[in-house]
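The structure under discussion appears below in the form of structure tokens.
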């Protein structure tokens, strides 16, 4: 594939700057004698691309696929690993636009419940408060000591290169997310985990989690429009990227999609990549009678998908021995090829051509495999799953009368689900003996922010859509107060190192113009409250909630729009123990 002059001219200088900066900082940290957790976080943050670099990269458009894929495998070789070494991780690989993190959490808890003595690795992103949250074993983030150990081991391995020639066009170490992905591979191999679940970061096809040649099973959660500067503007393009995680001889599963046209693209991708089967997982009505560990009616679909993925895992001929006795009741009806030691050729077209129907005869997994009987162990796993920051309710133990409703929704579809969840939670907390005016005694506050490049008006309209369609008359203004905040954690500019994001250029926006634009977008929504304010930090937003709560009997606060916002609020409010 030819690289356009526009791409080269816009990125050559910025990539050179990244290369020089990381090389200098890499040498600095290599010479630093102190190598604890705090130093690891500082070094890790040096691998982030700053706001101006990200803007240049986004303006240039997507990188050519073979370039990205070549970089990803290059860094793996510098660590001394080959792709086939990752097959030992016995992975469940999940992509999607929304619900993939929750599905991954369900899978992790299910596997730990099925075999409590097994080691189950889980890699997700982003983190909320501590970067260690991204790499978990048996549901718990690895300790600071373990994180530091594996971080610095990788730091040295990238420096050494294991005989892989240095590329002049790339820094010695990869960028932030890639580094953490490689670190998860390294940590899980070193810890000898029995199974792993990998949540894709962005897309799937070119994501660094897509280096495992033969996961046990692959799955795509709900699809929608997101990351258009990388994945494309159409659902077909996005589905093509998400389905890029499918592998030869490996079962490919999809949740029942909201947009049916994406199923055709996913099926075509599974055919192209020679998956052993392609199966759309149906809903499970029996989950209506079960208490789901994660709030929100949409989590029933994610739970059903997780059960299908885990049961397919248990039915695989490649099932790790640590699970063989626990899966004896599962009839082995799957078909799987011999695991591949090599990554398949990269499909460069993100929107695969649908083959003729005569050539397109991918089998489906048996229904009793993807929708097994809801045994006690499955019930326990689904009920006991926890995933902070997603439809999470916290009754504040310090700020009397304040209840926080936290959801990291950041797409139009997920914010609509968030709005529906918020309405159900708010209405259900009103005593049944009370009339509707009782709810007016509770102050309703929205704290919102969205990351740069997202359409705030569309996101906010998604949030209020279910609020305006309720059977009762819509609450006037939806909220009594709307607070639009930046993602800066504290008013003095200080932050926990784990929460630092150099991708946010706060110094170049002292007037918070982005937040002002979001505030105007809110005001343009019909029937929305005009009580809107902008704060420069999450700490100021929390202080405003405390101030307004003094004049009301109780206050319900919905915080949404960004997982970074949720993480900052958990830190400011002192809720780290909920992670």
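Even glycines carry a Cβ here, placed using N, Cα and C.
Bear in mind that the values here come from a model prediction, so they are computed numbers and not experimental data.
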Region 'Disordered' according to TrEMBL, located in which of 252-287, 288-323, 324-359, 360-395: 324-359
Surrounding CB atoms that lie within 10 Å of the CB of residue 407 (ATP binding site), all protein chains: 26
Which same-chain residues, if any, lie at least 6 apart from residue 125 (Mg(2+) binding site) yet have Cβ under 8 Å of it: 134, 177, 180, 199, 201
Residue 407 (ATP binding site): secondary structure state under DSSP, collapsed to three categories: strand
Cβ neighbours within the same chain of residue 390 (ATP binding site) - under 8 Å, at least six residues apart: 101, 102, 294, 296, 406, 407, 408
